[in-house]
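Trainee: Not my notes, these are from TrEMBL:
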- A:411-428: compositional bias 'Low complexity' (COMPBIAS)
- A:14-225: domain 'Cytochrome b/b6 N-terminal region profile' (DOMAIN)
- A:228-398: domain 'Cytochrome b/b6 C-terminal region profile' (DOMAIN)
- A:406-428: region 'Disordered' (REGION)
- A:44-67: transmembrane segment (TRANSMEM)
- A:95-116: transmembrane segment (TRANSMEM)
- A:128-149: transmembrane segment (TRANSMEM)
- A:155-173: transmembrane segment (TRANSMEM)
- A:194-215: transmembrane segment (TRANSMEM)
- A:247-268: transmembrane segment (TRANSMEM)
- A:280-299: transmembrane segment (TRANSMEM)
- A:305-325: transmembrane segment (TRANSMEM)
- A:337-358: transmembrane segment (TRANSMEM)
- A:364-390: transmembrane segment (TRANSMEM)
């Protein structure tokens, strides 16, 4: 936001008066109107906007659900049924919120794999990328806390399993567990404080999103060619080009979201969660929500409790090290013939881990989960550093414009002043 | 954000020359006192916030010991009781099950402990253990698995008729809660008897 020239010129006297006291109109103008966007972005770059929309959906539906929800062990389950049956459009609010969480993760996984494929984590975007990992961690915590709130069987046992995972932490584990439970076991104080924390974390996500967008607007966007904007001809202004494209993609995504809400509202959930929490009976087949399955598979692949917990958290944390583990100077996999293949193997391994996480922990499934867990970490610790050293990348295009039009062609005109367009890459 | 539009960028506050005007020790004292006050204040604010999350007085009061009548429990039967919100299995073991548990070699066990150390002397047929798998807290299913004890449906841990883990991922045996026999048909869960000491360790 500070990196490029402020081209906003207030017209009216009131606007001038206000701008000299709080230059927020200029900030919006330079961030979302004049902001130079690489002209070669594909639809994978619309998922940031989709994620912002989903955060909004979750916060709005969540605030409304909280008007009817009762955060207590005795009342939670019934209040959710009350929302479903008695509250006007309560079913819609709840189905939108529950499926919204899944859609949020669909979008974030596309966003993360896009960052990994196009090398968006590499210099100068390391901080931007790590803020993204922080958001992802906060999303996981929020989703887990939210899933416990209906206080069905899966809620209760999910809370039990996850808080027992934390107890595996040496020395302080039991204290952390007791502070989360607020008792000697998962019970009334637990659901009460989980509700409080579930309401808190989305605002923390919103705060880190502001930092994420700020960092993005300092370094400028990466793009499919992985090369910086060099002249005004490489870029188009955010409005209307990116605005319209983002809104179009968001609307398309909302159609998918609506399909789940209106036609398959319980497809991504578990029937067991419509059974009230019962501390004496564990559901026969306990699995987390689909978006946690790869990590659940890693947890179960390790025969040691603490070891499983370390690898599970390590699987997320290792994402944050990618900027330094990847030794290649080429960002985009489009120009990395070897690494590109490894990327797709890694992608497949993540999908397979997710599938294994839903399977019972026995026989061949455990062995497969161990192989995949090994490969997951090997991708970061062995493949990323080594391939970057030995691979001969393809020739990069001379400019973003060239990557769109082919070498040597001219395109007349550009909506972005050359100085403004060049700024993000030079400041980055 | 846009920070460049300071009201008057040239009016940078000056720190030069201050040292010559003031005795350094007074400023040092203020600096240290402010820092110390801030640290103590932060601690004083953080402590009650964290402590309020610990089990409260009502939860602790509700965690008083409970009595369980053993008379209606048939041989082979396992009943569920709750103490402090935690599931506890009380199992009336058959003679065969006791023998099985006794005969196991310590070297075969993941978490070696003799059956005699997990029951009260003279009441060997009664097994009292927490009912949550020591892996991640699921409730194991009784009378199942190859050791006749418990099978955990979540991640496949197996326990024998003494509640000892025989196959992971559970790392330890089902713990024995503190309890004591009041009479032959009544136990009190929540504290050890006066004489028995650490039989249930």
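Cβ atoms here come from the backbone N, Cα and C positions, even for glycine.
Quick one: how deep are these features, and who are their neighbours?
Mentor: Across all of the domain 'Cytochrome b/b6 N-terminal region profile' (A:14-225), the predicted model scores a mean pLDDT of 94.
For the transmembrane segment (A:44-67), same-chain residues at least 6 beyond its ends with a Cβ under 8 Å from one of its own Cβ atoms are 83, 93-94, 96-97, 100-101, 103-104, 107-108, 110-111, 114, 118, 146, 195, 198-199, 202, 205-206, 209, 213, 216, 221, 223, 245-250, 253-254, 257.
Within its own chain, the transmembrane segment (A:128-149) is flanked in space by residues 62, 69, 71, 76, 80, 97, 101, 104-105, 108, 111-112, 115, 120-121, 155-156, 158-159, 162, 190-191, 194-195, 197-198, 201-202, 204-205, 208-209, 211-212, 215-216, 218-219, 288-289, 291-292, 316-317, 319-320, 322-323, which lie at least six positions past its ends and keep a Cβ under 8 Å from the stretch.
Residues 43, 46-47, 49-50, 53, 57, 91-92, 95-96, 98-100, 102-103, 107, 289-290 of the same chain sit 6 or more residues outside the transmembrane segment (A:247-268) yet have a Cβ under 8 Å from a Cβ within it.
Taking Cβ pairs closer than 8 Å, the transmembrane segment (A:337-358) reaches residues 113, 116-117, 287-288, 290, 292-298, 300, 328, 365, 368-369, 372-373, 375-376, 379, 383, 387-388, 390-394 in its own chain, all 6 or more past its ends.
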